[in-house]
Amino acid sequence: MLQVLAPFYSNLSGLILLPLLGSLIILVIPNSRVRLIRGITIWTSLITFLYSLFFWIRFENDTAKFQFVETIRWLPYSNINFYIGIDGISLFFVILTTFLTPICILVGFYSVKSYKKEYMIAFFICESFLIAVFCSLDLLIFYVFFESVLIPMFIIIGVWGSRQRKIKAAYQFFLYTLMGSLFMLLAILFIFFQTGTTDLQILLTTEFSERRQILLWIAFFASFSVKVPMVPVHIWLPEAHVEAPTAGSVILAGILLKLGTYGFLRFSIPMFPEATLYFTPFIYTLSVIAIIYTSLTTIRQIDLKKIIAYSSVAHMNFVTIGMFSLNIQGIEGSILLMLSHGLVSSALFLCVGALYDRHKTRIVKYYGGLVSTMPIFSTIFLFFTLANMSLPGTSSFIGEFLILVGAFQRNSLVATLAALGMILGAAYSLWLYNRVVFGNFKPNFILKFSDLNRREVLIFLPFIVGVIWMGVYPEVFLECMHTSVSNLVQHGKFD
């Protein structure tokens with residue numbers, strides 16, 4: 001049935017516009033019609049997710065060309081077009097975006113107490129911009145949506161954040177990411193004036209001198225490194241996570257952290273191959289420092305969200321090591337780990353959100369002995385804790401294994417230090433689980449709170465299925481991205 005219908009639903013611009021259409025519909029509905037707003041938002045987000053699956057169904061694994069390409073004239077007096085398409089690298093990021101959005105909306109309806117309609121509109125706009133980022137094949141269009149994502153996220157953190165410092169965290173998030181991206185804008189303008197185009201496919205055939213590649217690479221790095229984030233521009237992330245609502249943390253960890261690493265893969269590495277080789281030792285150094293530093297910092301944290309936030313920094317810098325190994329195994333492993341992190345970290349933030357909804361605190365010392373009062377939660381939390389420490393059979397293990405294989409081929413010392421980071425990751429993951437679920441039982445504090453209800457368990461089920469699926473049968477994902485990754489490596493002559 002899906003195969004028959006798929007040819008009629010393979011329009012990327014329609015996928016981008018669908019969440020915006022949903023936001024326009026609920027915009028005109030009165031705030032008092034809560035059930036109608038909830039129904040429209042949930043169904044719109046689910047339809048968007050199903051719509052994105054049609055692109056996977058129709059995707060041709062054996063071609064490195066961009067598929068479902070659309071070109072719309074944007075600026076008539078210049079060679080800048082609304083140019084979109086997807087390949088094996090971007091496909092799953094689009095699906096991950098549409099997968100997480102309905103979950104965020106469902107969580108928000110029960111956790112957000114004010115401005116619910118505006119909350120849904122903000123998430124729909126954010127989803128639309130994120131899909132456009134992953135589909136953009138024009139540098140300027142990419143930049144526009146890359147920066148536009150900041151607006152709904154700024155509002156989500158600043159309006160629906162959980163504590164008094166939410167405004168400061170929102171401004172910190174906005175300014176850090178915006179200031180870094182100004183350098184990328186200058187680089188894009190330079191490229192346009194030098195080549196007369198911002199079309200990615202044309203630019204991939206354009207050879208820049210080594211000196212220009214280095215300068216342009218640095219400009220793009222200034223933007224993407226903040227989004228990863230890499231040390232020392234990671235300060236905004238823990239604060240943003242702590243202050244953001246649960247659903248905001250899910251989108252932030254699940255999707256927004258992938259924008260920087262995706263930017264490296266889509267633009268920096270293929271457009272500036274000589275500069276990429278030149279700066280690879282620099283990236284390795286920063287990544288190893290970030291993995292070890294943030295892992296040790298995580299062990300010292302007392303806030304549940306900060307623990308997961310710092311672990312996200314470590315995982316994303318593990319991704320950059322695999323990506324800059326510049327071989328097929330490392331890059332495919334980095335993509336898999338990004339997808340896995342999008343599932344595992346999102347689920348962990350949902351676990352923290354479930355505790356916060358009941359106990360109104362995220363401080364570790366107030367928890368202990370939850371296994372006796374919340375056995376279902378304890379089991380689910382254990383599963384995602386094990387996935388976070390890359391237990392074999394889970395999605396994270398496959399990604400990190402391929403990254404280590406690729407990194408050993410490029411630099412065995414870096415791979416060894418990255419493996420040390422995995423050990424530290426296991427240490428803080430088990431420490432966290434032991435303190436929260438076992439430890440000293442605090443009856444006066446937690447006895448009156450209930451276990452997860454049916455709705456909350458159903459929210460976790462898709463994450464469990466995804467983590468097991470990627471961990472047990474990763475070939476489904478690898479075969480889609482392999483041709484595109486191979487073409488990337490061959491194009492840069494990295495072999």
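Backbone N, Cα and C define each Cβ position, glycine as well.
Below 8 angstroms of C-beta separation, residues 36-37, 40-41, 44-45, 47-48, 51-52, 54-55, 58, 68, 70, 72, 84-86, 94, 98, 101, 117, 120-121, 124-125, 127-128, 131-132, 135 of the same chain, each at least six residues beyond the ends of the transmembrane segment (9-29), sit close to that stretch. Marked as transmembrane segment by Swiss-Prot: 9-29 (among others).
Residues annotated as transmembrane segment in Swiss-Prot, with sequence analysis given as evidence: 37-57 (among others).
As annotated by Swiss-Prot, transmembrane segment applies to 89-109 (among others), with the evidence given as sequence analysis. Remote same-chain partners of the transmembrane segment (89-109), defined as residues 6 or more beyond its termini with a Cβ less than 8 Å from a stretch Cβ, comprise 15, 19, 38, 41-42, 45-46, 48-49, 51-53, 55-56, 59, 116, 119-120, 123-124, 127, 130-131, 134-135, 160, 245-248, 250-251, 254-255, 258, 262, 265-266, 335, 338-339, 342-343, 346, 350, 353, 455, 459, 462, 466, 477, 480-481, 484-485, 488.
What Swiss-Prot records for 118-138 (among others) is transmembrane segment, and it gives sequence analysis as the kind of evidence.
What Swiss-Prot records for 139-159 (among others) is transmembrane segment.
Per Swiss-Prot, the feature transmembrane segment maps to 173-193 (among others).
Per Swiss-Prot, transmembrane segment is recorded for 245-265 (among others).
Per Swiss-Prot, the feature transmembrane segment maps to 272-292 (among others); the stated evidence is sequence analysis.
Annotation source Swiss-Prot lists transmembrane segment at 335-355 (among others). Long-range neighbours of the transmembrane segment (335-355) within the same chain, counting only residues 6 or more positions beyond its ends whose Cβ lies under 8 Å from a Cβ of the stretch, are 89, 92-93, 96, 100, 103, 107, 111, 241, 246, 249-250, 253-255, 257-258, 261-262, 265, 304-305, 308, 311-312, 315-316, 318-319, 322, 362, 367, 377, 380-381, 384-385, 387-388, 394-396, 398-400, 402-403, 436, 452, 456, 459-460, 463-464, 466-467, 470, 474, 477-478, 481, 485.
Per Swiss-Prot, the feature transmembrane segment maps to 367-387 (among others); the stated evidence is sequence analysis. Beyond its flanks by at least six residues, the transmembrane segment (367-387) meets 340, 343-344, 347-348, 351, 354-355, 359, 394-396, 429-430, 432-433, 435-442, 446-447, 449-452, 457, 460, 463-464, 467, 471 of its own chain at Cβ-Cβ distances under 8 Å.
Annotation comment: Swiss-Prot describes 413-433 (among others) as transmembrane segment, evidence class sequence analysis. Distant neighbours of the transmembrane segment (413-433): 284, 287-288, 291-292, 295-296, 298-299, 304, 307, 311, 314-315, 318, 321, 364, 381-382, 385-386, 388-390, 400, 403-404, 407; these residues of the same chain sit at least 6 beyond its ends, with a Cβ under 8 Å from one of its Cβ atoms.
The annotation transmembrane segment is assigned in Swiss-Prot to 457-477 (among others).
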Problem - Considering the transmembrane segment (245-265), which listed stretch of 118-138, 173-193, 457-477 counts the most C-beta pairs under 8 Å - result: 118-138
Practice task
Counting only CB pairs under 8 A, let me know which of 118-138, 139-159, 173-193, 457-477 has the most with the transmembrane segment (37-57).
Solution key: 118-138
